[in-house]
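Trainee: Below you'll find the structure I mean.
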Amino acid sequence: MKEIYHPPVMLKEVLEFLNVKKGGVFVDATLGGGGHTEAILKASPDVKVIGIDRDEEAIERAIERLEPFGGRVSIYHAAFSQIDEVLEAEGVEEIDGVLFDLGVSHFHLRGDRGFTVWEEQPLDMRMDRRQKLTARDVVNELSEKKLAEIIFKYGEERFARKIAREIVRRRKEEPIETTLELAKIVEEVVPKKLWAGRKKHPAIKTFQAIRIYVNKEFEEIEEGIPKAANFLKPGGRLVVITFHSLEDGLVKRIMKNLEGFKVLTKKPVEPTEKEVKENPAARSARLRAAERVST
Ligand SMILES: C[S@@+](CC[C@H](N)C(=O)[O-])C[C@H]1O[C@@H](n2cnc3c(N)ncnc32)[C@H](O)[C@@H]1O
């Protein structure tokens, strides 16, 4: 396991919107390396955090990092759509706040599970390795139509149909096994003038789409956020950080439709220039928050 640190994004804003100072029980639905949880625990000695992540490696890191907080933190290897089961196991009926810091973490991107377009790795992309479906299965087994649909819907890629056609043509020759094989196919399809000389790799959208599909990311959000919101006390806070426009649009709609909630962020809050300078990975972060006003 490579040693990589994931700097928690929009930390100050998260603590403010969660209203951590007043104490209580908080859920970190995307524990990751435990950066946000650590800050929440440090912000007030009266706070307890229940952390959830579906990635076993993230859980291992978080356990190590959060050990000094002893019984003030409980950690669960689960999907956040299972928050009801986690809280039942914990014997908790109500919470004061919940944080979703969505998407992949640094150690996914810099790890060896095929999340990156830049390095040669097996096409995997599973956040939870207990799951069967991998990116390799998606790329080699789905129909051309389904692939095009996924790449267009979850990647907003206008060359989706051409990319899908080329993937299917190539996999007939031999199975597509690695990140760079897939990245190269996309490179050959997307006109060079649209990406040559730029930092953004033309396959990033296709990779995002396949990752979202493999991990059922949107289904998790649709199920997990309303479920979590149900456990909030009046005055309790829901805070969600997203990293691309599709995800932000989805979260905006879910928050607007939550009954008994007041949205606290008319527009999504963006990271400060200073933060983006210090941590360029934070540049696309957008934070939305809501408060429970009635039961
Ligand atoms: C951006 S990272 C979180 C980083 C964390 N806030 C920190 O400060 O270290 C997102 C994490 O959420 C996890 N994750 C994504 N979707 C999930 C889901 N549906 N259920 C549980 N964990 C999920 C990923 O495995 C990843 O570790």
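Cβ atoms here come from the backbone N, Cα and C positions, even for glycine.
Summarising the annotation, TrEMBL assigns S-adenosyl-L-methionine binding site to GLY34, GLY35, HIS36, ASP53, PHE80, ASP101, HIS108. What TrEMBL records for 270-280 is compositional bias 'Basic and acidic residues'. Taken from TrEMBL, the feature region 'Disordered' applies to 270-295.
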Trainee: Among the binding-site residues GLY34, GLY35, whose Cβ has the fewest other Cβ atoms within 10 Å?
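Mentor: Per-residue Cβ counts within 10 Å for the binding-site residues GLY34, GLY35 bottom out at GLY35.
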Trainee: Of HIS36, HIS108, which of the binding-site residues has the most Cβ neighbours inside 10 Å?
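Mentor: Result for the most crowded candidate: HIS36.
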Trainee: When you measure from the Cβ of ASP101 (S-adenosyl-L-methionine binding site), how many other Cβ atoms are you left with inside 10 Å?
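Mentor: Within a 10 Å radius of the Cβ of ASP101 (S-adenosyl-L-methionine binding site) lie 24 other Cβ atoms.
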Trainee: Can you give me the same-chain residues 6 or more apart in sequence from ASP53 (S-adenosyl-L-methionine binding site) with a CB-CB distance under 8 Å?
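Mentor: Within the chain, ASP53 (S-adenosyl-L-methionine binding site) has Cβ neighbours under 8 Å at THR30, LEU31, GLY32, ILE59, ALA62, ILE75, TYR76, HIS77, ALA78.
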Trainee: Treating G and I as helix alongside H, and B as strand alongside E, what does DSSP give for the compositional bias 'Basic and acidic residues' (270-280) in helix, strand and coil?
Mentor: 7 helix, 0 strand, 4 coil
Trainee: Once the DSSP letters are reduced so that anything not helix or strand counts as coil, what is HIS108 (S-adenosyl-L-methionine binding site)?
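Mentor: Where HIS108 (S-adenosyl-L-methionine binding site) sits, the three-state DSSP reduction gives helix.
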Trainee: In sequence order, what residues of the same chain, 6+ apart, have a Cβ less than 8 Å from the Cβ of PHE80 (S-adenosyl-L-methionine binding site)?
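Mentor: Within the chain, PHE80 (S-adenosyl-L-methionine binding site) has Cβ neighbours under 8 Å at ALA29, THR30, ILE52, ARG54, PHE100, GLU220, GLY224, ALA228.
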Trainee: Measuring Cα to Cα across GLY34, GLY35, HIS36, ASP53, PHE80, ASP101, HIS108, which the record gives as the S-adenosyl-L-methionine binders, how far apart are the two most distant ones in Å?
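Mentor: Taking every pair of listed residues, the largest Cα separation comes to 18 Å.
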Trainee: Under a three-state reduction of DSSP output, how is PHE80 (S-adenosyl-L-methionine binding site) classified: helix, strand, or coil?
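Mentor: Where PHE80 (S-adenosyl-L-methionine binding site) sits, the three-state DSSP reduction gives helix.
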